[in-house]
Each structure stands twice: as C-alpha cells, then as structure tokens.
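Report on the following structure.
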Amino acid sequence: MFPLRAQSASLGANSTLFFRAYAVSHRKSGSKIQAWKGLKRGANGANRANGTNSSQPESQSSKAVFQSGKFSQLHQPSKKVYEKSSSGLDSISTFEQLRIFPTVRAAMVAEIKSTYNMKGPRYQSKDELVLKPTPIQVAAIRKINQPRLKNNKNVKEEEVSAGRKSAPSTADLVNEEFKKINSLQKLKVFTLAAETGSGKTWAYLSSLLSKLKEDEFGLYESSEEKYRASRNAQMVKSVVLVPTHDLVEQVYSTLERANSIKFDVEKIGANSRLKEFLQLPEQNGSLNLSILKWGSGEAHKKLFDRCLKGRVDVLVTTPGKLASLSKLQNVNRPYRFLNHVEYCVLDEADTLMDESWIETTMPVIEKFKKLRDLIICSATIPKRFQTTLNRIFPTDDSIINIVTPSLHKLPKQIKVSVIDSELSPYHGSKTRALAQALYAITRDGTEPGLVKRVIVFVNKKESVNSLVDTLVNKFSHRPEDVIGITGEDKPEERSEKLEPFIKPAESIEEDPLNSKIKVLVTSDLMARGVNFVGIKNVIIMDIPHNSVDLVHRIGRTGRMNQSGRVILIVDKKKNKAWLSGLPNAVKRGIQMG
C-alpha cells in the first residue's frame with residue numbers, strides 16, 4: 001500500500017437498524033414531523049453527543065458571541081468538540097501529509113488551481129501556486145479517512161441490553177440500535193461544519209474519492225477477477241445529495257474537472273504493487289471514475305440506462321429525485337441500483353434535514369442498506385438543525401463531529417459597512433442608496449481592468465424583478481448588466497444567468513457586452529452553497545430574518561482567504577442597534593450567534 005497517515009477510528013451504526021428505529025419513532029409519535037421537533041426529554045444524552053454539560057449554559061463553550069435576541073439562531077459547539085477537531089491542525093501544512101489516495105491528491109490539487117482566481121503580481125501562472133490544505137480539509141480528511149478497526153471491543157452487545165428495567169423512549173431506541181451495531185462496524189457518521197468558502201467541498205470529495213480508489217485497489221490486490229466484476233456491476237457506489245439543482249451542477253462540474261485532469265503515474269510516489277494498479281489502462285492518466293448527475297427535468301431512464309452499463313462511482317442528485325423513484329408503478333424494484341451504496345454525503349445538510357426536507361431525505365437514505373459512511377456537511381449549525389442531530393444521534397459514540405475554529409466567524413478579510421438610507425442624500429430611499437453604492441463600486445479603483453461583479457440580496461422573490469426594473473429604468477443601468485434570479489426560473493435559465501458570477505472575472509476588453517459591472521439580484525435561493533468565484537462585492541438590501549441567513553449571504557464573498565466587502569442598507573424599520581456593531585465584530589473575529 002501507499003504511505004498513509006493512520007488514525008484510530010470511532011465507529012457509528014448500521015443504517016438498516018437505525019432507520020428501523022427511525023420508523024418506530026414515527027409510528028409512536030403519530031406524526032412524522034413530530035419525531036423531529038427536538039423534544040427536550042433525553043437532552044442530557046443529546047448533549048453528550050456535542051461534548052456539552054447540560055448543567056452549564058451553552059455560552060460557556062465560546063469566549064465571545066455576537067448575538068441579538070431571536071435573530072441569533074446559530075448553535076455554538078462545545079469547547080470539547082472544538083478541541084477534538086483542532087488537535088494537530090498546525091502540524092499539517094501540505095496535502096502530502098494527509099491520507100489521500102495519490103491520484104486523487106493529484107487531481108484535487110490540479111482542480112483547485114484551475115479555478116483559483118489569480119490576484120496580484122506574486123505568481124505568473126497557476127502552476128506556481130503552492131496550495132495548503134484548509135483547516136476543515138485537514139480535520140475532515142484525518143477523521144474520515146481513518147482505516148476501519150478490525151475489532152472493536154469497546155462495545156459488547158450484552159452490555160447494550162443489560163440493565164433495561166423500563167420501556168425505552170424513542171431516543172433510547174435509536175441510541176440502542178447504534179450501540180448494538182458499533183461492534184459490527186457497519187456505519188460511521190460524520191458531521192462537517194466550517195465557515196463559508198473554506199473548502200468543504202474538497203474536504204468531503206477527497207475523502208470520498210480516496211475511499212472509492214482504495215476499494216478498487218483492495219479488490220485488485222485480492223483478485224483481479226473480483227476487480228473486473230466490480231467495475232461491471234450494475235450499481236451505484238456512492239451518492240452526493242444536495243438541496244438544489246444549481247448545486248447538483250456545481251458539485252458535478254467539480255468532479256468532472258477533477259476526473260478529466262491528466263497526470264503522469266511515474267511522477268506519483270507509489271510502491272510497486274500500487275504502481276502496477278495505476279498503470280492499468282482504465283486507471284492510467286486520470287481518475288477515470290464513472291460520475292453521473294441526475295438533475296432537474298432528467299428522466300428516470302437516464303439513471304437506469306447508465307447503471308445497466310456498469311458501476312456508477314458517484315451519483316450527484318437531490319433527495320427529491322431519488323424519492324421520485326417510489327412513484328414509478330411500471331418499474332420493477334426501482335431502487336435496486338441503490339442497494340449497494342456504501343458512501344453518502346449530505347451537502348448543505350442543515351437544509352436537507354430541516355422540517356420541510358427531512359421527510360424526503362431520511363427515507364431516501366434508508367434505501368442505502370449497505371451504507372458504511374454518512375457525511376453530513378454544512379457551513380452553519382442552526383439551533384434547530386443541532387436539535388435534529390441530537391435526536392438522531394444522541395450519544396458521543398454514534399457520531400463524529402468535525403468543526404473548525406472559525407465556524408460562524410465572518411472572515412476578517414471581508415470589510416463590512418452599514419448605510420443608513422434615512423440620511424442625506426438618500427432621504428429614506430434604499431434603492432437610491434443601492435444605486436449610489438453601485439456607482440461607487442465601479443469607480444473605486446479595485447479589480448483594475450476587470451468586470452466588477454456584485455450580488456444584491458433581498459428577502460422576497462417578488463422584490464427581485466421590481467428592483468431589477470428600478471435599476472434599469474430609473475438609474476440607467478443597462479438591461480444586460482442587471483440580472484434577476486428567482487425560483488421561478490427554469491434550471492437552464494438559472495445556469496445561464498449565473499455563468500458570469502461562478503467563473504473568474506473577465507477583463508472588460510474580453511467581455512462580449514463590454515460591461516464594467518454586472519449585478520445579480522436574488523434572494524436566499526442563491527445564498528447557500530453556490531461557489532461565486534472571486535466575487536468581491538455583496539450588498540444586503542434587506543436584512544435577513546436570522547443570523548443563519550446573514551452568515552450565508554455574507555459568505556458569498558471572501559471565499560478561500562480572498563478579500564471582499566459587504567454593504568448592508570438599512571432604513572428606520574430595519575435599523576437595528578446591533579447592526580452598528582457588526583463591522584467591529586468581523587474585525588475582531590467574533591463568532592456569530
């Protein structure tokens with residue numbers, strides 16, 4: 001085998017038994033949604049999952065939190081969770097120090113460089129870039145890529161059933177199923193939480209792709225016949241679930257770029273047996289994984305036909321698409337290709353596990369009877385999301401929590417300012433304040449020679465088109481320079497509108513429309529997960545309803561340690577006193593509550 005950094009593993013549960021308990025909890029409650037409402041009973045066990053002491057206030061887990069009443073909806077992990085996740089971060093400074101399959105590492109680094117927004121004269125080309133893994137990448141890869149223990153003697157099955165004297169609660173049932181199966185080592189459950197723009201996608205993709213390649217190499221070592229049979233098997237090996245079709249496209253595009261990157265096996269350090277494997281025709285030169293996206297408007301036949309041709313290594317889709325398979329009445333066993341899914345990622349999990357999604361998400365995961373790793377990934381931990389996690393995974397041996405020291409902190413490289421539209425020269429007009437801000441951005445001397453790009457957030461989709469019309473008709477912006485996106489746009493329309501904002505800024509000379517500025521007006525639809533590459537300017541026209549949405553909106557800029565600025569426009573209705581303290585909180589690196 002290739003040299004790897006081995007770590008000890010903490011084990012999770014078996015999906016079949018767990019989701020059986022999930023179904024029991026539904027029947028007991030009489031309502032599906034009631035089972036996930038985060039009831040307070042059993043809270044002490046839930047707190048153990050997060051390392052908190054139920055007798056102490058939650059605020060003791062962090063030094064300083066910027067919060068304001070009901071607006072603050074972010075959960076603060078305990079000091080214990082932070083310490084476990086942060087241990088050894090400073091000792092890792094290169095991707096070579098992490099347990100990543102060699103060809104996956106080569107493809108990952110090349111893909112990250114290919115999308116990097118070059119700035120300043122320091123580097124002449126992207127080949128000169130020296131990339132370092134981000135804290136979430138270090139923490140996640142070290143935990144998720146730990147080799148599985150062959151024997152786990154920490155939990156004995158007789159210990160699980162011993163001492164029961166009364167009827168167990170729903171939480172006890174779920175917890176018991178986890179404990180029972182720990183000795184069988186079937187499933188490990190991870191949560192990843194890190195600040196926006198911190199490299200979470202590659203934190204889980206590098207782990208996922210490494211596991212797929214390690215599995216292939218393991219089969220090849222045991223039997224070339226088994227290896228060939230596995231490649232031809234009619235099955236899906238792993239699934240990445242995201243809440244929107246825009247994110248389906250984004251994750252799929254990242255995978256496809258990495259999958260197509262060429263590399264020289266001779267330059268990849270490997271022992272003779274691994275090198276022999278990498279020189280196989282189907283392994284040599286690129287990752288050559290079978291990657292499938294199943295998005296909006298695509299028929300079930302696309303999934304079925306692809307699986308019939310052989311193994312799908314990674315399926316990128318939404319829970320809704322997979323749930324739709326249950327409605328097929330003319331197809332025999334529509335979920336049969338998913339019976340052997342071993343790895344599943346829930347990206348933007350706080351959305352996928354909220355009350356409006358969980359009845360779709362959980363039954364889908366229940367179909368993955370052979371699941372080994374479940375990775376639950378999010379940029380924020382809303383309090384309601386944490387309550388849901390506590391109910392599903394109530395003890396510290398049922399889940400592995402991974403967070404970064406900067407979770408819920410807004411990046412210091414973002415400059416935040418507040419404009420009071422009640423003051424002169426705006427005289428109560430927020431749109432006039434917006435127009436003035438856009439005018440100033442075009443003339444501020446930043447990004448010389450490049451098309452400036454600005455994202456403007458409003459609270460209601462009805463406000464999107466009216467604001468676009470106002471900027472065009474009243475403030476003389478060119479129609480081609482101001483774009484509105486709402487949920488009513490078709491996926492292909494959204495993709496076309498997003499194009500200028502999800503790729504590096506073009507030079508003014510190269511822009512086909514000769515634009516100096518492009519403005520995207522949208523709602524929270526575009527605030528989560530979308531990787532706006534190199535966006536420097538975000539304007540929040542309407543203050544969001546809670547701190548969770550504020551963090552996500554601000555997080556569309558300042559990604560991957562690049563600079564950005566955020567302008568909040570307020571009026572007498574929304575000029576909350578605490579807003580004036582936000583810029584200083586960002587400078588000081590204080591967590592949002």
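Using the three backbone atoms N, Cα and C, a Cβ is placed for every residue, glycine included.
Here's what Swiss-Prot has on this protein:
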TRANSIT   1-106  transit peptide
REGION    42-63  region 'Disordered'
COMPBIAS  42-51  compositional bias 'Low complexity'
COMPBIAS  52-63  compositional bias 'Polar residues'
MOTIF     130-137  motif 'Q motif'
DOMAIN    181-399  domain 'Helicase ATP-binding'
BINDING   A194, E195, T196, G197, S198, G199, K200, T201  ATP binding site
MOTIF     347-350  motif 'DEAD box'
DOMAIN    433-593  domain 'Helicase C-terminal'
| query | Once near-sequence residues are set aside, which residues in the chain of K200 (ATP binding site), 6 or more away, have Cβ atoms under 8 Å from its Cβ? | reply | I136, A140, L192, A194, D347, C377, A379
| request: Pull the DSSP breakdown for the motif 'Q motif' (130-137) and write it out as helix, strand, coil residue counts. | output: 3 helix, 0 strand, 5 coil
| Model confidence over the motif 'Q motif' (130-137), averaged pLDDT | 92
| Excluding A194, E195, T196, G197, S198, G199, K200, T201 themselves, which residues in that chain have a Cβ inside 8 Å of the centre of the Cβ atoms defining the ATP site? | T134, I136, A203, A379, R559
| note | Secondary structure split (DSSP) over the motif 'DEAD box' (347-350) reads 2 helix, 0 strand, 2 coil
| note | Ordered by sequence, the long-range same-chain Cβ contacts of T201 (ATP binding site) under 8 Å (at least 6 apart) are V251, T254, D347, N531
